[in-house]
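Look at Swiss-Prot and you will find 1-13, 70-77, 122-137, 188-211, 256-266, 333-343, 400-412, 483-493 tagged as topological domain 'Cytoplasmic', backed by sequence analysis. If you look up Swiss-Prot, you'll see 35-48, 159-166, 288-311, 365-378, 434-461 marked as topological domain 'Periplasmic'. Here Swiss-Prot flags 49-69, 78-98, 101-121, 138-158, 167-187, 212-232, 235-255, 267-287, 312-332, 344-364, 379-399, 462-482 (among others) as transmembrane segment.
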């Protein structure tokens, strides 16, 4: 590997794949809740349940995907297989109007593909560098920024394709994006020869009457089938319960593994941060469900004579994250003075405060809709942008703290537990919250009248709920600040 190159050539193929994966995933996600309600005519409750189940399980399957990559497939093969499964899933989703079983099957295939892809693409990128290579951080930053580009473009492109042509075309465009990324990645295959490939020895070994490659095929067929049943029977909550129990058990084992009080305090800090992060994301994930339907039903989307497709609003959040992230990275320089724990809680308070402010703006928007029939587009854009800005003070802070823990060999496991709680469980809670907006009545002609008051009430409750979290976090911040101050005074005396 050339140490003098700005970045290894292989990274550009990984980045291209990451852009198209974000394009594929977020393009489809922007359409899903609208497809369920507007095209398949699911009631809001059923749509929210399926949407939250899907968004929850995509954070559970990466655990299995990471295990398969570590033991058998290697990161490169796992990523390619995951990308292929996601493309197939999007194609099948386009045919779901034929029969509901195609809907459940397509979502299950996408969940499995996401599990193989998401947990291993970062590991594949890490394989391109030596442990001490100074280019490593720059490579990960490049991949993160590229992903945001994909998530900005996807809702615009897929939303336009759906609005101007058909739902199948919107989902098909997401599939084309994933296939394009996979083709580009395969074109750079020669640059990945030094990365870990398939473990052929393990694959050929025999266990329980079958070679491991046979069991792998069984797993690749059985897992989508099982997840399809979970979606169909609405049993996904049981899978989350099992995963959470296992995660908490592992967390207890890590706590016992801690060798001193400092390590236990670090773990306690991570657990507390994870709890508040879970609540934050339960609020933030309204963007793909209740907020999306609110925009579709109650926001005036006309701009210069063009009606902006609802799905396009999903780009605002990603654009705010990227724009504000660049601003914070280039302009704001964090001081090393003071106590790091105090700074962490200060950032969490700011993130939750911005989330509360964002929903306060949405509450005003909903009240405007109640008074005048429709809310204004700029007010909606402002609320979503503030919520996107809030994200920068939650996940990066928590993940940074996890990587600092001094208990050896637990960083990956803690990251998985964090994703389980702040991703899977938070998305389930988001579905429960969103369902509170599903109040509707029928007029004499049988048309559905959706209740704007339900949206006002839910947005208002989230505003105050996030503000209550800010109060709790500020109490912790004040306690830590006073403790640090008293310790400093004691040392001076």
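Just so it is clear, glycine is given a Cβ too, placed from its N, Cα and C backbone atoms.
For the transmembrane segment (462-482), the partner stretch with the most Cβ pairs below 8 Å, chosen from 49-69, 212-232, 267-287, 344-364, 379-399, is 344-364.
Under the criterion of 3 or more C-beta pairs below 8 Å, with sequence separation of 6 or more, the transmembrane segment (379-399) and the transmembrane segment (267-287) qualify as touching. Long-range contacts of the topological domain 'Periplasmic' (159-166) within the same chain: residues 30-31, 172-173, 309-312, 314, each at least 6 residues beyond the stretch ends and with a Cβ under 8 Å from a Cβ of the stretch.
Cβ atoms under 8 Å from those of the transmembrane segment (167-187) belong to residues 13-14, 16-21, 23-25, 27-28, 31, 35, 39, 79-80, 83-84, 86-88, 90-91, 93-95, 97, 150, 154, 157-159, 161, 311 of the same chain, restricted to positions at least 6 beyond its ends. A contact links the transmembrane segment (235-255) to the transmembrane segment (49-69), because at least 3 Cβ pairs that are 6 or more residues apart lie under 8 A. Contact between the transmembrane segment (267-287) and the transmembrane segment (344-364) is supported: at least 3 Cβ pairs lie under 8 Å, counting only residues 6 or more apart in sequence.
When pLDDT values are averaged over the topological domain 'Periplasmic' (288-311), the model yields 91. Of the ranges 78-98, 212-232, 312-332, the one with the most Cβ pairs under 8 Å to the transmembrane segment (138-158) is 312-332.
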